[in-house]
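Straight from TrEMBL, the features:
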| type | residues | note |
| --- | --- | --- |
| TRANSMEM | 21-39 | transmembrane segment |
| TRANSMEM | 45-67 | transmembrane segment |
| TRANSMEM | 74-94 | transmembrane segment |
| TRANSMEM | 114-132 | transmembrane segment |
| TRANSMEM | 141-169 | transmembrane segment |
| TRANSMEM | 175-195 | transmembrane segment |
| TRANSMEM | 207-230 | transmembrane segment |
| TRANSMEM | 236-259 | transmembrane segment |
Amino acid sequence: KCAHLRLACQTEPKPYYTSKLWWCGITLLGLGEVGNFTAYGFAPIALVAPLGCVSVIGSAFISVLFLKKTMRAADILGGTLTVTGTYLLVTFAPNVPQELTARRVQNYLVSWPFLVYLILEIIIFCTLLYFYKRKAVKHIVVLLMMVALLASLTVIAVKAVASMIALTAQGKIQLTYPVFYIMIILMATSCAFQVKFLNQAMHLYEVTAVVPINFVFFTTSAIISGVIFYREFQSAALLSVFMFLFGCLLSFLGVFVIARYKKEEHLQIPFIDCGHIPGQKLTGKIQPDSHSSRYGTLNNEDDLVKSQS
């Protein structure tokens, strides 16, 4: 974001991929995702998934330093709720130390609770996909529910792959089992379709609506998949489960407070005075194309403007 803002203010705009700052941001983002992937190999899904709220409050506070945004009372309140919820999550998260070998993953895949869960998930996903494709129902809940259903499979596969890689690094070879490569295919496929539907949601709705709803749906589906597939709360006390869910609720509220009422800011890119373009009214404005790799590209140039210019 900082790189895009700097490029927009230059006299001669350049493509974003020529910016060293942009590449620095992408590299840091990639390292963060590697760390997130690694965490699934050492901690329960029910703990790792809700901690994604830390990135939301981190972005809110970092934007004050780098993007010069104003710190709002809602940011402080949301951050306080989220930090409190995070403390409860870490304190009361399920502690189920288990060696997640390839054979154990195979047994989990054919267990009846997961098979029932998978069948129900397929039925719900196909129903939503039918309304999305055939009935053109593109409500934000429909789109993000499909993302969440795919995410539940993604986190199952990510944890299995990360755990088997960790065991292999310790000298217990797991990469010779077919289930390892099945999980890699499942992880890549579900991720790709998640991006498709999430991108559609971002295109149709404001990011301030997509971010909190997607976080709640994703976290809920991840926790459910961890409970059913990896049996993470199998021996947990009732009080621990209650406090964990209360921590999730506080984290959800914190994310909603931070993101829900934050107006999306647009780049301060000058509009083009259409009074100097033949065929356009003096009061007309043409906005630069935000999807182009170069700033200042005109949107939807018609044949008349092309021929006259």
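All positions are counted from 1 along the displayed chain.
Cβ coordinates come from backbone N, Cα and C, glycine included.
Listed stretches 45-67, 74-94, 141-169 were compared with the transmembrane segment (175-195); the greatest number of C-beta pairs under 8 angstroms is found for 141-169.
Beyond the transmembrane segment (114-132), the same-chain residues lying 6 or more positions past its ends with a Cβ under 8 Å from any Cβ of the stretch are 108, 138, 142-143, 145-146, 149-150, 152-153, 224-225, 228-229.
If you count C-beta pairs under 8 angstroms between the transmembrane segment (236-259) and each of 45-67, 74-94, 141-169, 207-230, the highest count goes to 74-94.
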